[in-house]
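Colleague: Feature list, courtesy of TrEMBL:
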type	residues	note
DOMAIN	18-122	domain 'Fumarylacetoacetase N-terminal'
BINDING	ASP130, GLU203, GLU205, ASP237	Ca(2+) binding site
DOMAIN	130-396	domain 'Fumarylacetoacetase-like C-terminal'
BINDING	PHE132, ARG146, GLN244, TYR248, THR354	substrate binding site
ACT_SITE	HIS137	active site, proton acceptor
BINDING	ASP237, LYS257, THR261	Mg(2+) binding site
Amino acid sequence: MVLTSFVEVQPDSHFPIQNLPYGVFKPEPGSEPRPGVAIGDYVLDLSVIASAGLFDGPFLKNSDCFNQLNLNKFVGLGRPAWKEARVTLQKLLSATEPTLRDNPSLRQKALVSMVKVQMLLPVVIGDYTDFFASMHHAKNCGLIFRGPENPVNPNWFHIPIAYHGRASSIVISGTDIIRPRGQGHPTGNSPPYFGPSRKLDFEMEMAAVVGAGNELGKPVDVNEAADHIFGLVLMNDWSARDIQAWEYVPLGPFLGKSFGTTISPWIVTLDALEPFASDAPKKNPPPLPYLAEKISKNYDISLQVFVKPAGQEDTCIVTRSNFMHLYWTITQQLAHHTINGCNLRPGDLLGTGTISGPEPESYGCLLELTWNGQKPLSLGGSTRKFLEDGDEVIFTGCCKGDGYLVGFGTCSGKILPSPP
């Protein structure tokens with residue numbers, strides 16, 4: 001029997017009772033931020049539920065984790081507390097449970113219409129790492145920049161490659177992105193170009209939110225890594241390709257990436273994603289023992305990117321990809337991140353890198369879709385090599401269950417011009 005809620009949930013909603021993703025919101029502009037979960041078109045205020053004494057299990061009964069301004073304390077409690085919260089909330093919101101359903105005053109305080117709330121970053125992100133975990137993306141980038149002889153560096157098949165990103169410029173969905181300025185490749189004997197980026201791009205990514213961390217000097221076993229991942233969000237790691245191409249040798253991305261990264265507001269837990277687990281790609285060559293998983297899995301999450309060109313009313317779909325296209329799993333990424341003893345902390349963010357599939361229509365960024373501007377993309381009445389001022393980019397992602405969806409909502413941002 002399919003679990004249902006007393007809160008009405010439309011069949012195409014990303015937020016049925018099977019999902020219950022976590023976020024942080026303000027019910028009114030002047031109110032304090034507080035944790036919530038999404039259910040249909042409503043946000044359940046967890047501070048109200050906690051104050052009513054409805055979290056009565058051993059891990060949450062005496063905790064003030066839902067009376068915080070962010071989710072860091074809760075995600076830091078670890079998987080037993082997450083499971084306890086999920087069981088409590090699914091019971092509380094189920095159609096057969098009277099506690100909240102039949103208490104009008106509590107229901108009125110606890111359930112807030114989504115259209116009224118302001119969503120905020122769900123966690124304080126202390127550190128942010130961006131991986132390069134899609135083989136199709138790695139291969140395409142290599143073909144574009146290095147040619148067919150050696151498109152993917154040999155180390156890529158042994159190491160989940162990553163760089164340390166800039167946590168301070170991670171923003172919530174709906175935040176405008178100002179076109180970055182910087183240097184680009186010189187032409188001939190001229191000095192390097194300086195000015196607004198001419199090759200502004202999106203990157204279709206997802207990101208893992210770290211839950212319980214690890215002590216400095218103590219790596220996380222790859223087969224226990226899932227216990228350190230609270231859940232996933234959609235992520236757009238905006239990229240200035242011209243700035244990136246000029247700066248990235250020898251130390252990697254810097255100003256071409258650090259001007260803005262957008263994430264979706266709702267963290268979908270691994271427990272909610274478990275019914276959609278799928279086998280990860282077979283590794284060839286086999287990974288070193290510390291990356292060898294007993295069960296190596298991804299999740300069947302359909303991903304779509306839409307662009308609403310400046311001055312146009314309609315959005316155009318530009319790519320359809322899937323989380324299953326990742327070569328290195330999120331648990332391998334986390335285990336590799338800690339193998340040298342690096343300590344991760346609750347709220348840290350681990351980006352997957354661009355998630356591209358094998359077909360051109362599944363490429364996860366304009367660099368690949370337009371082959372670095374050589375093949376302009378048709379968007380309704382206009383074309384694009386890269387993003388123009390006023391363009392809005394919208395990501396969506398969801399899993400398709402039997403009569404329900406488990407989704408992430410949207411991750412969006414609009415490009416504003418560089419300041420003069």
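Placement of Cβ uses the backbone N, Cα and C atoms for every residue, glycine included.
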Colleague: Have a look at the binding-site residues (GLN244, THR261, THR354) and report the one with the fewest Cβ neighbours inside 10 Å.
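Modeller: Lowest Cβ count within 10 Å among the binding-site residues (GLN244, THR261, THR354) is GLN244.
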Colleague: Measuring Cα to Cα, how far is GLU203 (Ca(2+) binding site) from ARG146 (substrate binding site) in Å?
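Modeller: Counting only the Cα atoms, the answer is 20 Å.
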Colleague: ARG146 (substrate binding site) to LYS257 (Mg(2+) binding site): how many Å between their Cα atoms?
Modeller: 21
Colleague: How long is the line from the C-alpha of TYR248 (substrate binding site) to the C-alpha of LYS257 (Mg(2+) binding site), rounded to the nearest angstrom?
Modeller: 10
Colleague: Return the member of HIS137, LYS257, THR261, THR354 nearest to GLU205 (Ca(2+) binding site) in space, with distance defined Cα to Cα and candidates limited to these recorded positions.
Modeller: THR354
Colleague: For the domain 'Fumarylacetoacetase-like C-terminal' (130-396), provide the mean pLDDT of the predicted model.
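Modeller: PLDDT averaged over the stretch: 97.
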Colleague: What subset of the recorded positions HIS137, ASP237, LYS257, THR261 lies within 10 angstroms of THR354 (substrate binding site), using C-alpha positions?
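Modeller: Near THR354 (substrate binding site) by Cα: HIS137, ASP237.
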Colleague: Could you tell me how many residues in the domain 'Fumarylacetoacetase N-terminal' (18-122) are helical, how many are strand and how many are coil under DSSP?
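Modeller: Tallying H, G and I as helix, E and B as strand, the rest coil: 43 helix, 22 strand, 40 coil.
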Colleague: Could you measure between HIS137 (active site, proton acceptor) and ASP237 (Ca(2+) binding site) for me? Cα positions, answer in whole angstrom.
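Modeller: On Cα coordinates alone, these residues lie 14 Å apart.
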Colleague: Quick one: give me the count of other CB atoms within 10 A of the CB of GLU205 (Ca(2+) binding site).
Modeller: 29
Colleague: What is the set of residues, excluding ASP130, GLU203, GLU205, ASP237, whose C-beta falls within 8 angstroms of the centroid of the C-beta atoms at the Ca(2+) site?
Modeller: ALA207, MET235, ASN236, SER239, LYS257, THR261, GLY351, THR352, GLY353, THR354
Colleague: Rounded to a whole number, how many Å is the Cα of ASP237 (Ca(2+) binding site) away from the Cα of THR261 (Mg(2+) binding site)?
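Modeller: Cα to Cα, ASP237 (Ca(2+) binding site) and THR261 (Mg(2+) binding site) are separated by 5 Å.
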